[in-house]
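Structure first, then comments.
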Amino acid sequence: MEIPVVDLCVYKLGKDNVSVEQLEKLGQELRSAFTEVGFVYVKNTGITQEESFFDLPEDVKKPFRRGTYSCDINHGWVSLETERHNWPSDGIEDFRDVHISFFLSCKELSLRVLRIMALGLGLQPETFLNAHKHIGSDLNKTTLRTLFYPPVETESVKKDQLRCGEHSDYGSITLVFQSSKGGLQVLNRAGEYISAPSIPGTVLINIADLMQRWTSDVYVSAVHRVLLPPPGDLSSRQSLAFFVQPDDEAVISCCDGSDKYPPVRSIDYLLSRFSESYGKK
Ligand SMILES: O=C(O)CCC(=O)C(=O)O
Ligand SMILES: [Fe+2]
């Protein structure tokens, strides 16, 4: 199955007169995407900042190219505050404001998606939201991360090298904004990698591991990776990922009331995943 596209028009950011029936319909659409593939393209979200970022002139985006954001450190999450130190201060005065406003839009969209996801499972709409009350504060590890993949010299490519290795994300959901440069692939249930190109005007949203556990494996956290460009293609790749994490102190228990997985504190789960990935290196 390919990655479905869901239209959020009736519940886009800023729109609050959505009917119960419309939300239920969206719930079914997201449920189908998240149980079958674990990824969905959402269109008409109401987020416009993504375009403004990717449309910025090259020299403005250059400060991101310091090697700080390679996908190797996908596991080295940084808090919003920490990331601020990396923000370019010259050349673009409102960059920090744009970044914060983008963070807040991502937060708002995530909360809407989490509400619909609960409806899709026949749960109270607040089920996931109750554990995401502190996004953007130091009680929650949700992170907006810029990922820059530098150009690849064909001669230095190692066997089976990838731009971003095969992995699944840790938290509840991830919002991905890609530039037009492709390469992202998602492992589907048939065990085949399918491509997840950037589709203009959409946000790619995927289930992460803690959400899979929370839903007793109903919503699937799919393995994904980013391929190298074809030999001789010296283009770089830029993407933004908004890794949504439940509040540090939230205790995550299977939402169907089962004991498939024992309850776990969100922060403990995250820290155990960090130590696993650092241990592997
Ligand atoms: O660069 C991308 O498009 C995806 C990156 C990714 O999967 C991640 O950072 O977790
Ligand atoms: Fe990822």
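Including glycine, each Cβ sits where the backbone N, Cα and C put it.
TrEMBL: automatically predicted annotations, no manual curation.
Annotated in TrEMBL:
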DOMAIN    140-246  domain 'Fe2OG dioxygenase'
The domain 'Fe2OG dioxygenase' (140-246): DSSP-derived helix, strand, coil residue counts: 9 helix, 42 strand, 56 coil
Mean per-residue pLDDT computed across the domain 'Fe2OG dioxygenase' (140-246): 92
